[in-house]
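Asker: Got a structure for you, written out below as structure tokens; questions coming shortly.
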Ligand SMILES: [Zn+2]
Ligand SMILES: [Zn+2]
């Protein structure tokens, strides 16, 4: 019998017989652990405790105390859901039902399930949990499984794909019900402490829009009711911050069907915020010595062939036929900027050359992936491309990281930083990769940035630093990026003349401070729950005349706030109602003007945190506003 080496989480190793199961190894470590084993993780992948170990591998035993236990529990909950559904709708065809980061879903066909039906299914699930059925692993021949699923094209597809070549295949059974499945599962349905079905949506089979549309039911499960309660409360709070909801309420943007999927329209309020965001990065770019350039939205595909995008990216591009010649909407701004650089003869003394453009790009994402502003077909990158000598990489990256973190700290965002290093397939010499990676590391280390190294995750053309933003739901979104590129200068034959009078290749740096401006906008909407800081707020100040008699004075006061976005509430409402509406509209400051204020030539100030001060001098308030806006302070703080 040959043996294989198993590496345990503490770094120790164990030699076991080839074909030994996860459970066998657990028993070998100790009988207690053997009995407690629920599942295993082989090289990070969650597997059943019956899974055999066929090669050298890293193994983690999963017990009730492991982080992965909840995933196993949720996987069993998907089975409980499917069984409950088939009890109520016996003709339901089951497709796949995986666990996710915060719960599970099951894709099903031939059903009639709407939001209103979830309660009844949930009740049936509770019965199954209360009955505490054993969950047993069953093996069946491939032929038998194929026959069982004669009327279920999805399970047949799973047999072809996920279970390709396996015979026998495994099922999991509870009570009189079973499902084709590799596991793992908890031992009995009663181990599920609490379940909840959350919502219903449509999904394409295998995420491909050419396939059948299935019904996807989302749910979640926890060890206890208390944990479920906490989760549901957090979810409600996050829903209140959903950028699609706030986007509608504050009239920031819309994505109507008529304009096409993933093609957002920015309304005046949303455009105001986006403009302010762009002005902010423009200012940072100007201070850091960038020159602004502008390129069109479409180019001949010759350009995309030269840059290499046509070969690697054509499926995501929008192509157009113009007078028998092919053009493409730009998915990236870099080729345009590289072409601009290539039109000039550069000396080593001219470098670095830094170009900036807030350029709209177009990428054909799968329709099923589009959602609000998080994934769209058209978005703006606050793009920058630098052309530098190899010895300038470190200083430039340092300055870019400084700019990125100025933005992050300004908004007090939670981020994750990662350094992605050389992949197996890559271009450029060992020497330049080593030099580039060590310069990136040195910037991160000396700057005191916390980061993960994603070994081998760099682009084929160079290493990169990626920064992800966390949103209100704890999801991470692609944000700023700094990428070194040895390839594009080759493709575009970019050169500069060195001090040795020879021609040299510059290194190109791609960078963005926000990433996608629209996605950053989304993160900010949820981060602030629509309560934007003064400098971003679409409406910064609202003047509330106590009665129509004070309208004239209201207009005179408004004139004192030139340069601010100020509206006068002139509807025939009580002051109380006017204040309430301003709160709902999330306006940072209200100026209340009645007879007293008019007689004294002063104003009363309220803020959206319901604080109030009477008899304020207009000049004093204006001076405060200038400081709060120019320093981009987070919260209205005049009344602090
Ligand atoms: Zn399963
Ligand atoms: Zn680029």
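Placement of Cβ uses the backbone N, Cα and C atoms for every residue, glycine included.
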Asker: Among 267, 297, 385, 555, find me the residue TrEMBL lists at the same Zn(2+) site as 334, 510.
Answerer: 385
Asker: Just to verify: the residue among 385, 510 with the fewest other Cβ atoms within 10 Å, which of the binding-site residues is it?
Answerer: 510
Asker: Can you list the residues of the same chain, besides 334, 385, 510, whose Cβ falls within 8 Å of the Zn(2+) site's Cβ centroid?
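Answerer: Apart from 334, 385, 510, the close residues are 332, 333, 337, 338, 383, 384, 483, 485, 488, 508, 509, 511.
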Asker: In which DSSP state, out of helix, strand and coil, do we find residue 334 (Zn(2+) binding site)?
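Answerer: SS state of residue 334 (Zn(2+) binding site) = helix.
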Asker: Per DSSP, how many helix, strand and coil residues does the domain 'TGS' (1-63) have?
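Answerer: For that range the per-state counts are 14 helix, 26 strand, 23 coil.
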Asker: Taking the Cβ of residue 334 (Zn(2+) binding site) as centre, how many other Cβ atoms lie within 10 Å?
Answerer: 23
